[in-house]
Amino acid sequence: MAVETLIVLIPLLPLLAFFAIVLFAHRNNALSHWLALIAAGVAWMLSMIVFRRAVQTEELSRFPFAAAIEWLPTGSAALKIGVQIDPLSAVTLFFVAWTVLMIFIYSIGYHNFGQPKGEHDRPGLPPHGAEIRDGHGHVHRVPSIEPMYARFFALISLFAFAMFLLVITDNLLTLYIGWEIMGLCSYLLIGFWYAKESARNAMIKAFLTTRVGDVFMLLGLAALYSLTGTLNYQVILNNPAVLNGLASAASPLAGVSWAGLIGILLIIGTIGKSAQFPLHIWLPDAMEGPTPVSAMIHAATMVSAGVYLVIRFFPLLSAGWDGHHLTLPMLVMGAVGAFTALFAATIALAQNDIKRVLAYSTISQLGYMIAGLGVGAYVAAAFHLVTHAFFKALLFLGSGSVIHGMEHGVFHTGENIDPQNMLYMGGLRKKMPLTFWTFLAGGLALSGFPLITAGFWSKDEILSGAYASGQTAIFWMLAAAALLTAFYTMRQITLTFLGQPRSHSAEHAHESRPVMTIPLVILAFFAITAGWVGIPEYFPAVGGLLPNWFEEFVGSMLVSHGETAHFSLLPLGVSVVVALGGLWMGWLTYRGVVRPVDPLEKPLGGIYTLLRNKYYVDEFYQWAFIRPARWLAETLTDRWLDRTIIDGALHSIAGFGVWLGKSLRRWIDLPVINGAGDLTAAGTRNLGAFLRSLQSGRVQIYATVGLGLAAMVAILIYFLWVIG
Amino acid sequence: MELITNHLLSLILFTPTVAALVMLLLPKDKTTLLRNFALVASLIPFVLTLVVWAGFDPQPSPGVPFQFVEKAEWYSAIRSSYHLGVDGISLPMVLLTTLLTPLAILASYSIEERVKSYMILFLLLETGMLGVFLALDLLLFFVFWEVGLVPMYFLIAQWGSKNRNYAALKFVLYTMGGSLGLLLAIQLMGVAVGSFDLLELYQRWPGLNELSIPIGLPVATVKAIAFWAFVVAFAIKVPVWPFHTWLPDAHTEAPTAGSMILAGVLLKLGAYGFLRLVLPLFPAESQQYAGALALLGVAAIIFGALGAWAQNDFKRLIAYSSINHMGFVVLGIAAAAALLNTSSPVALLDKNIALNGAVLQMFNHGLSAAGMFFLVGVLYERTHTRDLNDFGGLFAVVPVYGGVLIFTAMASLGLPGLNGFISEFLVVRGAWPVMTLATALSMIGLFFTGAYILKALKMVLHGPLNARWLGHLTDMTRREMMVIAPLMILMLILGVWPAWLLDVINRAVAFLF
């Protein structure tokens, strides 16, 4: 088959699975997950075939696999959409296909396939567990199967469709379509357990916060389409003439070129989708969704799509960049990314929910990539995108496994604790060894543990890029963020797996089923090795042992390379020191925790409270935006404008009409017309009486009347004939 | 046979009337018969529309601007004739009307009282609406414009809910208030040009610089007055902010099927008036006042969305959403109006795209608004309340309804992959280069579109289940699925492959403007 056909099939299969499950298999759990798995599996296989071919193809960035059709008739032409695989989409496809498939498999175990139905389980709520009686007559409480099992697989299939669509497409419009459908899936899956009040608030928050970014992005689309007449990547981004034109044309915003304005509009889309400050608030709340959703949508794929967008449009964002002075969009990315990286990392320090720590870490790491892009480290940002997807999916799935283990303990003991709170965990490494070792691999990769983990190589490259660009502020912010990352990661590992159990549930936790742990092992493999394809040649000792394939492959995407990073020992030293130092300090601080209290809570005091409450950003938004918006809607628009002013005016007009009618009746109808009518009647009667009196038979009177009449007629004739 | 093929449009137009007359003879207590008869009768125009569609050549030419044309003597004394025809703008509207009417009738099977008069009125309503889209004579246009009003008045006033009398009166007086100016302007134009024929008016009225009747005003002033008379009449119907407050009342109080038709078709009459009459007949004035129109369109987008978000009545919320969505139609029309006389290829493309978006948005809103009103009705029939606070967590009880509601709501929200997105994107794309600020401001409305749709979903489907409905709520019936399924299928098809419809619109728009 032609490679383009294979590419088209990749998103199509999960879409078919979605429709098949919704229409025919929604009552059959096994069939529904098989449909989803087969679709994801074949899509994975096709992705690997496409990836292999892409890697083997020479000059793929100039001549990508592509095919297009006419989609929207516009005037005498049509807007085309199609598929395209170039180096950037090939590597994205690679990690998306792997993480999606792993998460699909994991979900079977996570949603307790094969377990009994719970007696009190309801659609819309997480399963409460079921009671079973064993051979000896003992009653056990065990996890029960998810009541909306089939729906879950339908929705994640739809999601997989949208993500694949976004990756394989050749233009911004289809990217936006995939982007928004993912947003819908994210909304529906965050609110998968919709009967929970917290879930239903989180789903709306996620949708609307990202929508803020999306509407700006839509304007960016409109502007780009208006100016270039197309939304195709190759035509815009691989075309220095178009890029230079956009970079030199002035936009309506003073001092900003069209490239700058469109770039900023697109970046705002990314800020929403990739949960960057100030639109980061939705991602932590999105943890309300089932953990596979957090792993797939809110760590590995959808939030990565935001970064993918800016990487994809880097030629536009950097149009006019001479290698020294950053363009406005780059500056924005550098500032937003670096700030978010540091800001989110500080919040992660004070979170006790195992998933929330990871959520803030995701925000922080995405900020890393965006900052990297801002300083022009294009390949490094793409590289970190790939490695992060693997290790963060791994960490989330690991945390899901931990939560599952803890829930098992909670079922067993009947304890009333939050199974996601790390303070009640501890010592799980013995109970859940596979989960522990894989989580450790992911955690070390996230911390950038030198040499052996993937995260080290990609993070190190961003740091050296930032250093080489001369943006020292960004460099040091990223370095500080890396330090905190290592610290909170070690805090998480220590609190969860090391030391002694701090609750009975933790004592009774046990390892998850192989259907959950095998994906962990596979992802752990990538969390370690994915970095080895991008070891820079100049790296001391190990550089050059393996070819720097990633740099060569993805770097070919840029028509003109930016300044290649000069090797410097400082960023390397910093990156090693912060990683090891952070890990070490984290271990020192949390190794001796016996009671469920954070040892930093007291010493940090007010700062801890501030971090714990996420700098009160949510509260501020509530006050600064949400309440005024409600006032605008409920009071200004509905009560004042519509009901009072406009309807008021209408009612006064109507009232005036009624008043006019009544007045006419009162002052004209009654006295004049009715009066006239009455008068007529009376007058006729009177006239009759009068006339009767005339017909008295007396000739004199007849003569008088006759003369009078004749005189009147004569006068009339005179006036009509003579004067008229 | 020839008689049929030569008079397809007349057949489409008057089959409902004939059916209504036949229904007069049917016994009024045989409700099933009455319903089925009305449904079958309303399917005939739909099938005939498909026949017309199949025979329609999307590419118009100067010799054949309209197709399936019928012309007959009517009021020869004042040179008004019975003149019908379709082009790529009116044909989609005819399709929308003939599609939605059977669905609305099917949705009305739950009406129990005075079925006979209800169905008769519905069929008469269809003729009234179709006449507006088919008429190529200004006087004929006006007659049908008014004819549609009467059945709708009675449908609201007789079968509506609590506040129906107020709503029906407000609806009818408001629209008639607009029609007054329209009638005067039409008469003025007819007398000035000596014909009510639209094709003739297209030729002569815009370039007219001398009036044959002694009014004592300069021609430009007279034209401006006529222009505003048209604009106000159509703006009320669309409705353009601030002429919109009849809509929430009428839509909320009307019976379910009435709301479906009101939102699905009747609002389109106003937008159609802009496209068919205002832009071609008053190019100079349209261009002059395009900015003001865009501003009002954006006001409708923003305040419509905010107004919808503020509602706690499910039906009223959806009613406000119509104002919000029709605002995009107005924005697209305004952008095109600003570019009416352009000759630069870039601006021509912008104009073309804006109008494509506007017409497609009319069609799309017809589908999604009808669908949403139907779904509100489905819930209302079961719960007898529309207060959003009375619901909550219903997804667990009525999963099919929940899925259908989310699907339709997403189409209304403009989710890519479904129909609404394409048209909104085209409008935004077309309007951006001309009305940059207005387009940017419209994004505020687009944002709040999300807010109100999600508010409705949240309060109906999600959250803890209101125990009141446990065991009292049944999922959608087969009949109800038959009403919504065609709409859903079309929403999906138009979202994925809009070219079949867009191509027809695109060619007509490119030819006309």
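We count from 1, first residue shown onward.
Cβ atoms are placed via backbone N, Cα and C, with glycine included.
Any TrEMBL annotation is an automated prediction that lacks curation.
Per TrEMBL, the feature domain 'NADH-Ubiquinone oxidoreductase (complex I) chain 5 N-terminal' maps to A:71-110. Summarising the annotation, TrEMBL assigns domain 'NADH:quinone oxidoreductase/Mrp antiporter transmembrane' to A:170-483. The annotation transmembrane segment is assigned in TrEMBL to A:7-25, A:31-51, A:88-108, A:148-169, A:175-195, A:293-314, A:326-350, A:357-383, A:473-494, A:515-535, A:567-590, A:701-723 (among others).
Taking Cβ pairs closer than 8 Å, the transmembrane segment (A:473-494) reaches residues 334-335, 337-339, 341-342, 345-346, 348-349, 354, 357-358, 361, 364-365, 367-368, 371, 374-375, 422, 439-440, 443-444, 446-448, 459, 462-463, 466-467, 571, 574-575, 578-587, 589-591, 593 in its own chain, all 6 or more past its ends. Two recorded stretches are said to be in contact when at least 3 C-beta pairs lie under 8 angstroms, sequence spacing 6 or more; the transmembrane segment (A:7-25) and the transmembrane segment (A:326-350) fall short of this definition.
Residue counts of the domain 'NADH-Ubiquinone oxidoreductase (complex I) chain 5 N-terminal' (A:71-110) by helix, strand and coil are 24 helix, 13 strand, 3 coil (DSSP-based). For the transmembrane segment (A:567-590), the list of distant contacts is 444, 447-450, 456, 459-460, 463-464, 466-468, 475, 479-480, 482-491, 493-495, 498-499, 536, 538-540, 599-600: same-chain residues at least six beyond its ends, Cβ to Cβ under 8 Å. With a threshold of 8 Å between CB atoms, the same-chain residues lying at least 6 positions outside the transmembrane segment (A:148-169) that come near it are 7-8, 10-12, 14-15, 17-18, 21-22, 25-29, 32-33, 35-36, 39-40, 43, 47, 81-85, 89, 92-93, 96-97, 100, 103-104, 107, 111, 113, 123-124, 175, 177-179, 181-182, 185-186, 188-189, 192, 290, 292-293, 296-297, 301-302, 305, 308. Residues 88, 91, 270, 274-277, 280, 283-284, 286-287, 294, 298-299, 303-304, 306-307, 310-311, 314, 317-318, 321, 323, 326, 330-345, 347-348, 351, 392, 395-396, 399, 422, 446, 457-459, 461-462, 464-466, 468-469, 471, 474, 477-478, 481, 484-485, 488-489, 491-492, 534, 550-551, 554-555, 557-558, 562-563, 565 of the same chain lie 6 or more positions beyond the ends of the transmembrane segment (A:357-383) yet place their CB under 8 Å from a CB of it.
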